[in-house]
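Copied over from TrEMBL, here are the features:
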| type | residues | note |
| --- | --- | --- |
| SIGNAL | 1-26 | signal peptide |
| TRANSMEM | 228-251 | transmembrane segment |
| TRANSMEM | 293-321 | transmembrane segment |
| TRANSMEM | 327-351 | transmembrane segment |
| TRANSMEM | 363-388 | transmembrane segment |
| TRANSMEM | 394-416 | transmembrane segment |
| TRANSMEM | 454-473 | transmembrane segment |
| TRANSMEM | 485-511 | transmembrane segment |
| TRANSMEM | 523-542 | transmembrane segment |
| TRANSMEM | 554-583 | transmembrane segment |
Amino acid sequence: MLTKLTVIRWLLAALLVVFRFKQVRSGASDHKYKPNDEVPIYANKVGPFHNPSETYRFFDLPFCLPAHLKEKPEALGEVLNGDRLVSAPYKLPFMVEKDSEIVCRKRLTKEEVSKFRSAVAKDYYFQMYYDDLPFWGFLGKVEKDKTDPVEEKYYLFKHLHFEIHYNKDRVIEINAKADPNSVADLSEDKEVEVEFMYSVRWKETNVPYESRMEKYSQSLSQQHHLEIHWFSIINSCVTVLLLTGFLATILMRVLKNDFVKYAHDEEAADDQEETGWKYIHGDVFRYPKYKSLFAASLGSGTQLFSLALFIFGLALVGVFYPYNRGALFTALVVIYALTSGIAGYTAASFYHQLEGTNWVRNLLLTGCLFCGPLFLTFCFLNTVAIAYTATAALPFGTIVVIVLIWTLVTSPLLVLGGIAGKNSKAEFQAPVRTTKYPREIPPLPWYRKTVPQMAMAGFLPFSAIYIELYYIFASVWGHRIYTIYSILFIVFIILLIVIAFITVALTYFQLAAEDHEWWWRSFLCGGSTGVFIYGYCLYYYYERSDMSGFMQTSFFFGYMACICYGFFLMLGMVGFRAALFFVRHIYRSIKCE
């Protein structure tokens with residue numbers, strides 16, 4: 001019978017094969033060309049530079065249309081990323097230089113002038129792909145009127161210069177620069193005659209083909225930025241680890257004193273009244289309220305934790321190379337579907353241990369706990385994208401594919417995992433017996449209530465990751481490229497350790513105060529870091545970014561709410577598992593009647 005480790009290795013190997021195959025896929029050939037061979041060039045999208053989610057099809061603006069307009073077939077992840085590649089109006093054959101080649105002469109109507117002027121005013125950029133290499137450029141510029149400084153003049157770039165580097169029969173690099181002197185004035189609402197042109201220059205380079213993607217990550221990997229990055233992370237980690245070590249030392253000393261005290265009390269007088277966490281030994285393993293929801297939360301959190309580990313595994317072996325962001329979305333969808341059996345098994349097994357009977361309802365709750373809010377958020381945001389006619393709106397065919405994946409893969413695996421979990425022979429391991437009637441919890445000061453405890457539990461783990469959050473946000477919601485996955489993995493491991501320690505510490509203080517309802521509290525305290533991350537979203541949006549507009553705002557806060565909710569479930573599971581291990585350990589170490 002296959003072990004869990006064997007299954008995980010097999011799944012990771014299969015995913016590597018899929019993504020490696022996708023990585024070498026080309027739109028036309030094996031990326032080798034002879035002089036005068038046509039090299040595929042595709043126009044992707046346009047949009048405001050500061051609003052990465054608000055992108056539109058390239059020909060939504062009145063550019064010159066090519067003679068034969070065709071769309072490039074795209075993978076699921078590319079569609080989810082908002083890519084809509086179509087044939088570009090430029091012809092750039094291999095090693096063929098051109099000087100002021102005319103694309104087309106076009107008389108822009110007042111409506112078309114207004115469209116271009118609005119795009120220039122909003123700092124629109126375009127993205128294209130040449131031999132699968134991305135490149136960008138701006139549509140125009142805004143300048144102050146020399147005669148009237150209050151007024152602004154809007155200019156559209158007419159002439160594009162392509163500079164292409166090659167190594168033997170391979171394309172290595174492409175840059176596109178607009179001629180700042182060749183512009184069309186769009187300041188007035190009147191028809192404008194525009195002659196779109198382009199030039200091509202070829203230069204030889206010694207850069208090998210295998211390294212042609214490295215330039216896209218150089219800005220982040222420069223020695224200066226890398227040193228600052230490492231220094232910030234090490235500084236944060238050292239601080240957090242010192243605090244964690246200090247907390248762990250105090251906790252161990254207190255526990256040692258407790259063990260000595262309880263052992264002495266047992267030897268001195270059996271009828272002496274018990275106090276502290278030993279006093280509630282008959283209630284500490286009493287099953288929590290809403291145990292079906294609790295088991296479903298653990299199942300969903302375990303699935304998301306498995307998803308995170310697989311994503312890190314693929315990232316560390318180099319699958320998510322720069323500007324292959326479609327691979328990340330594909331991986332998220334595929335791995336989430338394949339790991340749904342983990343959620344079903346974990347939830348049903350734990351629900352069975354808690355002596356739950358309605359396992360079907362528990363399974364439905366597990367399947368909908370994360371997917372439900374995500375689906376509702378997607379429906380709203382997709383409607384917004386459709387209203388804006390943005391490329392973020394998923395085509396009907398893609399929605400059908402996702403529904404089929406959920407129906408044919410996610411749901412069956414969830415049910416199979418649930419059946420296996422229900423039929424498992426595992427029993428809840430409680431080292432002490434639970435009394436028939438629960439003890440009354442004594443009145444607690446306000447700072448021992450759930451919300452203040454969550455705030456205390458979430459702050460320390462958040463302080464370990466907040467520096468890294470900026471780089472992640474700048475990559476996901478900006479134009480930076482994130483490539484230092486090793487640092488991210490280290491931060492993730494430290495985050496898990498800190499959450500485990502802080503949850504265990506707060507659980508001990510709760511039990512010492514004779515409050516035996518620790519189950520939900522440990523889960524909420526562990527997951528509270530997700531709430532802090534969402535708070536950071538507010539800071540990042542208003543202080544660190546230039547995003548604006550209803551669509552971008554709704555996309556940012558909508559999808560970040562789903563991501564932070566996922567972190568809440570995942571980290572809550574980690575916090576509870578750590579607290580459960582700790583509680584079992586301390587009550588196994590003492591003699592309880």
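Glycine too: its Cβ is placed from the backbone N, Cα and C atoms.
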Same-chain residue ranges lying at least 6 outside the transmembrane segment (394-416) that approach it to Cβ under 8 Å: 76, 79-80, 333-334, 336-338, 340-341, 343-344, 363, 366-367, 371, 382, 385
Region pair the transmembrane segment (293-321) / the transmembrane segment (363-388), three or more CB pairs under 8 Å: yes
Folded-back contacts onto the transmembrane segment (554-583), same chain, C-beta under 8 angstroms, at least six residues removed: 53-54, 284-285, 297-298, 300-302, 304-305, 308, 369-370, 373-374, 377, 380-381, 384-385, 392, 457, 461, 477, 495-496, 499-501, 503-504, 507-508, 511, 518-519, 522-531, 533-534, 537, 541, 547
